[in-house]
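One structure coming up, written as structure tokens, with questions to follow.
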Amino acid sequence: MKIQLIAVGTKMPKWVEEGFQEYRRRFPHDMPLELVEIPAGKRGKNADIARILQKEGEAMLSAVPKGARIVTLDIPGKKWDTPQLAEQLEAWKLDGRDVSILIGGPEGLAPACKAAADQSWSLSALTLPHPLVRIVMAESLYRAWSITANHPYHRE
């Protein structure tokens, strides 16, 4: 099973890339974590936000591999603690499909992305900066994997 983070935004600061890569390289070969960056639409004073969201959503959905489980990252989604995320990860592995996790831009996700989702996950009730979300996601998924693999990374 491959896990793919599909995120709106490119040209992240170096610390974001380094943080994400630190956790990405820890994943086992049979569960690679990859990042697909979707260019953000140009936003300005007179920007058509609905149109920008639609375009970003189309690009995100076209990046999802055929047959992959789609999980949206959205505040109203399910709130999983670490053991629950580990259970989800195990269920995804047993399902046998790749997993694509969609991370929206400043205005969130397009309605089409939400409609296409198999699941919706709320990372936090807090509004987090999108660059930081990439690192938190990578670490959270790695920690969940470590629980399923009985790896000593996670401690209760």
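Note that Cβ sites are derived from N, Cα and C of the backbone, with glycine treated the same way.
So Swiss-Prot lists these for the protein:
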- Leu73, Gly104, Leu123, Ser124, Ala125, Leu126, Thr127, Leu128: S-adenosyl-L-methionine binding site (BINDING)
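Walk me through the surroundings of each of these features.
Long-range C-beta contacts of Leu73 (S-adenosyl-L-methionine binding site), restricted to its own chain and to partners at least six residues apart, with a cutoff below 8 Å, comprise Ile101, Leu102, Ile103, Gly104, Leu109, Ser120, Trp121, Ser122, Leu123, Val133, Met137.
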Determine the Cβ neighbour count for Gly104 (S-adenosyl-L-methionine binding site): the number of other Cβ atoms within 10 Å of its Cβ.
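So the number of other Cβ atoms within 10 Å of Gly104 (S-adenosyl-L-methionine binding site) is 25.
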Among Ser124, Thr127, all listed as binding-site residues, which has the most CB atoms within 10 Å of its CB?
Ser124
